[in-house]
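What TrEMBL says about this one:
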| type | residues | note |
| --- | --- | --- |
| DOMAIN | 26-453 | domain 'Major facilitator superfamily (MFS) profile' |
| TRANSMEM | 25-44 | transmembrane segment |
| TRANSMEM | 94-113 | transmembrane segment |
| TRANSMEM | 119-146 | transmembrane segment |
| TRANSMEM | 153-175 | transmembrane segment |
| TRANSMEM | 181-202 | transmembrane segment |
| TRANSMEM | 273-298 | transmembrane segment |
| TRANSMEM | 310-329 | transmembrane segment |
| TRANSMEM | 341-362 | transmembrane segment |
| TRANSMEM | 368-387 | transmembrane segment |
| TRANSMEM | 399-421 | transmembrane segment |
| TRANSMEM | 427-448 | transmembrane segment |
Amino acid sequence: MDSPVKSGTVRERQQLTVGPPDGGYGWFILLACFLVFGLTFGVIKAFGVFYMEIHSYFEATATGTSWITSITVATIHCGAPMASALSARYSHRAVVMIGGLLSCVGMVAGAYAQNLVQLYITVGLLTGFGYALTWTPTVTMVGWYFEKRRPMANALASAGECIITFLFTPLFQLLVDHYSWRGAMLVLGGLQLNLCVCGMLLRPLNTPTKLPPKEVREEEGDLTLDALPQTKSSSEGTVEVTGKAQAQKARKAELWSKVLRYVDYTLITNPRFMVYSMFGVFAALGFFAPALFLVPYARSQGVEEYQATALVSISAVLDLTGRVFFGWVANLHLVEMVQQLTATVILLGIVLLLCPLASSFLELAAFSSAYGLVYGATVSIHITVLAEVVGVQRLGSALGFFMLIRSSGGLLGPPIAGFLIDKMSDYGTGFLMAGVALIISALFLLLLHQMNRRAQGSARKGHV
């Protein structure tokens, strides 16, 4: 006969999960994610200051220098599934702390690079992989801790990218002027250790989970075997061996279920997820090139260096405004989330296409303001849309696969823009390429919207 206590435990574990707290310790998770966004993508956006110095120091082409950023971005995307799997096997806290250490080592080693290839390996691969280990688990935990306030939470977390960009861009220029780009990169490496502090803040959300029926049956079998009375018959050895085998089988099933939560390869059979991933590929082509080439473009138009870096800070301030305001708008659910994302992506593409018309500091400041506002409106909700596409329970795995697929766009975007700049001898062509890529990406969002409408129509017919 089964133990009443253990049988009760099995029945309790079959209950529905307790919802996310939407607050409480979740605010500390949000703070950690805020800093992670800033110390990863915020640093990447402010890296345009280093671009000019490295470009002239090694006498390299725009294409060759842009590979540093593109390799970093691609490594973040490619490493996302591995970061998710490692978080499932060990813990989010440990993975993020290791990522912080790798980010520091890569940046410090890059300060001693003797050629571009060494920068590709250190800043590109090593620091990029460190960023992947910190960013993916932290964003996933925000999705676990927030449900009703998830759009606003994602917007506030991503605002860290804006604030750190605003602060770091003039700081990097000051450090470069006083200590050269190598000394500035050493200081940046030390700052990256703060990612380890972010990892220390992470704590798993302790809520009861609903086990699949198969796992429940296996656990009930284990409990039954554990509750069997001990006898001295010859069958005692058989029962003991069978019990150990069942327990081992249950542990394997539990581990496999946990890993599938992060590395769910069945997502590739989800048409809506694949369409959204294609949006991510083309959007990534246009997301990262403008931030990298804004300072060089301004300098090529005769704008002095501190005014050129101020453009990035202006963009960051409006970026923050766009993330918070449009994240709040998304929280009101006035329109479908995918419709709001489609509108902002199209506007962002149009703004980038207009950039080559700006030549003076005031005109570039107006462009930077418009670009920052619409960019913030776009990135504030794209993770929320992903959660709607696949469901929050599969967000960890979906985020990893989405980043992996999107990596091709992040890898090729800056070099393609750099190639066009080298051929045309005009930094404005890089912005034209980014604008066209973003408008193409919006077509996939329109397709996703139609697929959602058809699915909703089919569901209504099924209820009739």
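Here the Cβ of each residue, glycine as well, is placed from N, Cα and C on the backbone.
What TrEMBL says about a protein is an automatic prediction, not a curated fact.
These figures come from a predicted structure and were not determined experimentally.
Proximity of the transmembrane segment (153-175) to the transmembrane segment (427-448) is not established, fewer than 3 Cβ-Cβ distances being under 8 Å for residue pairs spaced 6 or more apart. Beyond the transmembrane segment (341-362), the same-chain residues lying 6 or more positions past its ends with a Cβ under 8 Å from any Cβ of the stretch are 283, 286, 290, 297-298, 301, 303, 307, 311, 326, 370-371, 374-375, 377-378, 381-382, 385, 426, 428-429, 431-432, 434-439, 441-442, 445-446, 449. Between the transmembrane segment (368-387) and the transmembrane segment (94-113) there are fewer than 3 Cβ pairs closer than 8 Å, counting only pairs 6 or more residues apart in sequence, which means the two stretches are not in contact. Averaged over the domain 'Major facilitator superfamily (MFS) profile' (26-453), the predicted model has a pLDDT of 85.
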